[in-house]
Amino acid sequence: MYSTECTILLIEIIFYFLAAIILYDMLHKMANSPLLCIAVLTVTLAVTSKCYAQNYGINVPITGSMDVAVPNKTDDQIGLSSTLCIYYPKEAATQMNDAEWKSTVTQLLLAKGWPTTSVYLNEYADLQSFSNDPQLNCDYNIILAKYDQNETLDMSELAELLLYEWLCNPMDVTLYYYQQTSESNKWIAMGSDCTIKVCPLNTQTLGIGCKTTDVSTFEELTTTEKLAIIDVVDGVNHKANYTISTCTIKNCIRLDPRENVAIIQVGGPEIIDISEDPMVVPHVQRATRINWKKWWQIFYTVVDYINTIIQAMSKRSRSLNTSAYYFRV
């Protein structure tokens with residue numbers, strides 16, 4: 001950086017030195033030749049008058065007021081340099097029962113500025129398995145999550161899991177006690193049946209309100225859930241208990257937000273709003289809800305508002321194996 005600045009400074013010094021020599025030579029000649037003096041003054045006055053004249057442009061018609069905000073057209077071309085992934089449940093394709101539905105959706109997105117080669121429609125079997133290995137590989141990722149009251153899956157916890165990066169380590173509760181050290185430190189449990197019980201311990205490793213040798217005295221935090229983000233009192237050791245054959249639990253640290261991921265809840269009585277959750281950073285705007293209709297109507301709505309959704313997101317700025325976030329050790 002410094003070598004470039006020195007080079008520019010040297011060029012400027014040489015330029016001004018040469019300009020001074022030329023000016024001195026011209027003044028010397030003008031002093032000896034009145035005709036040359038008159039010619040130089042005439043050219044100077046002619047050029048100066050053009051510099052201060054009003055420039056109306058050439059062949060540029062002016063209509064209406066010039067005090068108009070000009071929109072930034074570069075935003076309209078975002079699809080030309082970005083990839084878009086839309087993740088949908090298997091039941092969507094089953095209900096639409098149309099072999100050409102993907103082609104139809106991509107053609108509709110083309111009208112919104114997204115080339116067909118930049119759009120990927122990815123199917124997942126169920127939310128629990130998808131959240132376990134999400135494969136969020138596009139510049140922009142939109143997840144359609146259908147609400148099901150019969151599913152033992154908390155949509156707000158699913159949103160928190162997918163909208164943030166996590167660094168996790170496996171927990172061996174048969175050998176060790178565990179404690180959470182900060183607000184961003186959580187335990188994430190996944191499986192077909194996660195019933196988590198804990199017993200808080202004092203400094204002598206004796207149970208607080210429970211017996212470490214009697215699981216029935218443990219405090220039950222979750223019951224038969226498929227996904228649970230568990231928050232206990234920071235700085236206190238806990239002895240945990242769960243059924244290893246139907247559930248896994250990991251000690252995780254919540255990292256930065258995945259700003260290139262958005263979740264759309266399809267149906268359900270409430271809108272996903274994890275900003276109300278004290279466990280997460282507030283003001284998350286990348287989660288919303290669409291009233292449940294037919295899946296064709298859902299996709300039409302997504303296509304119609306695709307660029308509005310994208311504006312609430314940020315393009316992926318670095319290479320990251322997002323699918324491995326839950327299994328990193």
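Cβ atoms here come from the backbone N, Cα and C positions, even for glycine.
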Going by the Ca(2+) 2 site in Swiss-Prot, where Asp231, Val232, Asp234, Asp304 are listed, which of the candidates Gln135, Gln180, Gln265 is also part of it?
Gln180
Based on what Swiss-Prot records, which one of Cys37, Cys51, Cys252 is disulphide-bonded to Cys168?
Cys252
For the disulfide involving Cys199, grab the partner from Cys210, Cys247 as Swiss-Prot records it.
Cys210
Tertiary neighbours of Cys194 (disulfide bond) (same chain, Cβ under 8 Å, six or more apart):
Thr222, Thr224, Glu225, Lys226, Leu227, Ala228, Tyr242, Thr246, Cys247, Ile249
How far is it from Gln180 (Ca(2+) 2 binding site) to Cys168 (disulfide bond), counting Cα to Cα, in Å?
13
Using a 10 Å cut-off on CB atoms, tell me which of the recorded positions Gln180, Asn241 is the least crowded.
Asn241
Going by C-alpha positions, which of the recorded positions (Cys85, Glu219, Cys252) is nearest Asp304 (Ca(2+) 2 binding site)?
Cys85
Applying a 10 Å Cβ distance cut-off over all chains shown, what neighbour count does Asp231 (Ca(2+) 2 binding site) have?
15
Using Cβ-Cβ distances, find the residues under 8 Å from Glu219 (Ca(2+) 1 binding site) that belong to the same chain and are at least 6 apart in sequence, listing them in sequence order.
Lys197, Val198, Cys199, Pro200, Gly209, Cys210
